[in-house]
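Features of the protein shown, as given by TrEMBL:
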- 19-616: domain 'Major facilitator superfamily (MFS) profile' (DOMAIN)
- 12-36: transmembrane segment (TRANSMEM)
- 56-76: transmembrane segment (TRANSMEM)
- 88-108: transmembrane segment (TRANSMEM)
- 156-181: transmembrane segment (TRANSMEM)
- 193-220: transmembrane segment (TRANSMEM)
- 240-262: transmembrane segment (TRANSMEM)
- 314-333: transmembrane segment (TRANSMEM)
- 353-374: transmembrane segment (TRANSMEM)
- 386-406: transmembrane segment (TRANSMEM)
- 499-525: transmembrane segment (TRANSMEM)
- 537-559: transmembrane segment (TRANSMEM)
- 589-611: transmembrane segment (TRANSMEM)
Amino acid sequence: MTERTPLPGKKYKLSINMFVLLMVLVIAVQGTYLGYVVGMLTTLEKRFGFSSEKSGWLLSLYDIGHTMAILLIGYIGSHYHLPRITGIGVILSSLSMFMLALPVLFYGTADYTQEELLQKKEAYAMEMSCDVNERREISSQGEDCWREHKEHTNAFIILAFGQLFAGIFAAPFNTIAYVYIDSNVKQKRESPFLLGLLTSMYAFGPALGFLLSSILNGVYTTLGDAPDHIGTHDEHWIGAWWLGFLLCGSAYLVLALPFFFFPRTYKHPDSFHLMLEQSRPEVSPEDRLTFKENIELFLREFPMVLKKLLSNKVYITMVIAWMFGSYLIGGYQTYLPKFIETQYGRSASMADIYSGIISVGAIAVSTALGGWILSRFNIAPRSSIICLIGSWVVILVSYIIGMNLGCSQPNVEGLSYVDYADRWHFYHHREREQQCLTYCNCETILKFDGVSRNGQNFYSPCHAGCTDYNVYTNTWSNCQCLEGDFVNKGLVHPECDIFFAYLAVMMIGLFIGNLFFMVTMMIVLRSVFDEEKVIALSLASFITNLFGFIPAPVIYGFFIDLCCILWNRQCPNERGNCVLYDNDKFSKMFHGVNGFFQVFAIIFAGICYWVSKSVKLPEEMPMVEFPESREREYRDEDEE
């Protein structure tokens, strides 16, 4: 008997490692898709005329769908075959990816012919030039406003449902798949490393997504040559946004099949899970509950289950700490590309790449390393909470340092700060008071199209007094405010060499700060009994999504908008999107909001530690308090 013992163990270890490997790849694809959507938002806005508000809804719909499904999947999933449910989720996730690419079939790739592009550029020249003949009216710029409300509505609906379904179908990935691994490892000390490896992919995956979006934004949407005189920085350039969704969907399909070949459990013969199954009476196929009956059972039993979990002080305090800690991903990481782009004058593609570097170099690597440290040194649950608190303090310190490593915003002609009003003002329709703009009719310009020359920045070619535009070279000349000189597209940012210092501070801070993030999930799983783990982790994810990931973009967006000093009003009586921020205020607001939520995460982690000292976790209970099956399981682990 003794000689045959290692053989099942060897088979067991190989099988569970294969499941972990598959989940690492699945979560990598999921993370890649999440980062890709963020990186492609600007392209989707240009292609389908979406407003920033609509784009924000597209991001939130994923978390809304995920939150809707996670509790139901968690409760019902605990009664079914966990690997197969995960496999079904992977297949359906692939279909949601293909659905996100559908608009390219219905509405084309929006490739412009030479004649169409020339007509558009001639209209642009009329719209943005110094209008000495006063032929331009504000209403002439309202075409985009009507198009935004009327065109591409169906495309938005398709993308919205694609995002919603992607969130729903991904519900098994970070709940029942985690529980399957945690419940099937033969030694509990292995669990933090394996789960940390999976969680690290949620940071590594978006970095791949940012890289993929950066690459495909440089590929023209037709996958062929772009029209002449149109480059990647041209407003008419549309990247191959649809190709990334097809790649993610195909990757999901390839990974789905193996999940259907894993057994329900790999537990050793006298484990709790196996004995629980054997203790249940045999149920004939006629007596088994239907899906509808399972839903009804869920609605009846869930309030009691919820009450039991919410009364578990260790569990609920750590869930709240996890929720506040999630603002690092839901808020900071979401708006980090925007912060780098506006604060340090980096291009959108380079901002995506730097954000990916922070995701990989700090969050992904440290999460995996932290899981290994917890497993290697077999750190006890209470001691691990102390490690978590210490690492989160480091994040807080990095936010405080980061808010003082900003750059000044570009100076734009006509933009001034009014001390008594504590506000920035732009001309106030008094452009004609400027000698070079007296006859330019620039007050009718609503759309921002920044140009610059010799360190001077202008809101538009009109505000520089430019009258001549070359549609082939895409340049403005004969600019009266520059004594007839030409201008370059885009704003010139003041010299600032502090960016890489900021990058280093945040990478070090987030690396140390995320070392023990896996402790949140570990305590959630260790504070409940085995049969409660699926619903406990699902409830924790539900709370984190509902009060963390879903509101985070809205909260951060609100505070970031408070830092705007110049708006791009594309339509009359509308504010539009922000084109220039008060960088000092932006830096302090961005990191201050992050620090605020981080303080509460630290406080509740401290409360969890204090509460845990007065209660016994399930694995610490004396054997006399366990049923015979539990006693055997825990005795086996102690002997090992």
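Heads up, the Cβ atoms here are built off N, Cα and C, so glycines get one too.
When Cβ distances are compared across the two stretches, the transmembrane segment (537-559) makes no contact with the transmembrane segment (353-374), since fewer than 3 pairs at least 6 residues apart fall below 8 angstroms. The transmembrane segment (240-262) shares more Cβ pairs under 8 Å with 12-36 than with any other stretch in the list 12-36, 193-220, 353-374, 386-406, 589-611. Nonlocal intrachain contacts for the transmembrane segment (589-611), taken as residues 6+ away from its ends with a CB within less than 8 angstroms of a stretch CB, comprise 313-314, 317-318, 320-322, 324-325, 327-328, 331-332, 335, 339, 382, 385-386, 388-389, 392-393, 395-396, 399-400, 402-403, 523, 555-556, 559-560, 562-563. The average per-residue pLDDT of the prediction over the domain 'Major facilitator superfamily (MFS) profile' (19-616) is 78, rounded to a whole number.
Taking residue pairs at least 6 apart in sequence, the transmembrane segment (193-220) and the transmembrane segment (353-374) share three or more C-beta contacts under 8 angstroms. Residues 202-203, 206, 355, 358-359, 363, 385, 392, 395, 510, 514, 517, 520-521, 523-524, 527-528, 536, 539-540, 543-544, 547-550, 552-553, 555-556, 590, 593-594, 597-598, 600-602, 604-605, 607-608, 611-612, 615, 617 of the same chain sit 6 or more residues outside the transmembrane segment (314-333) yet have a Cβ under 8 Å from a Cβ within it.
Counted over residue pairs separated by six or more positions, the transmembrane segment (56-76) shares fewer than 3 Cβ pairs under 8 angstroms with the transmembrane segment (386-406), which leaves the two as not touching. Looking at which of 12-36, 88-108, 386-406 has the most CB pairs under 8 Å to the transmembrane segment (156-181), the answer is the stretch 88-108.
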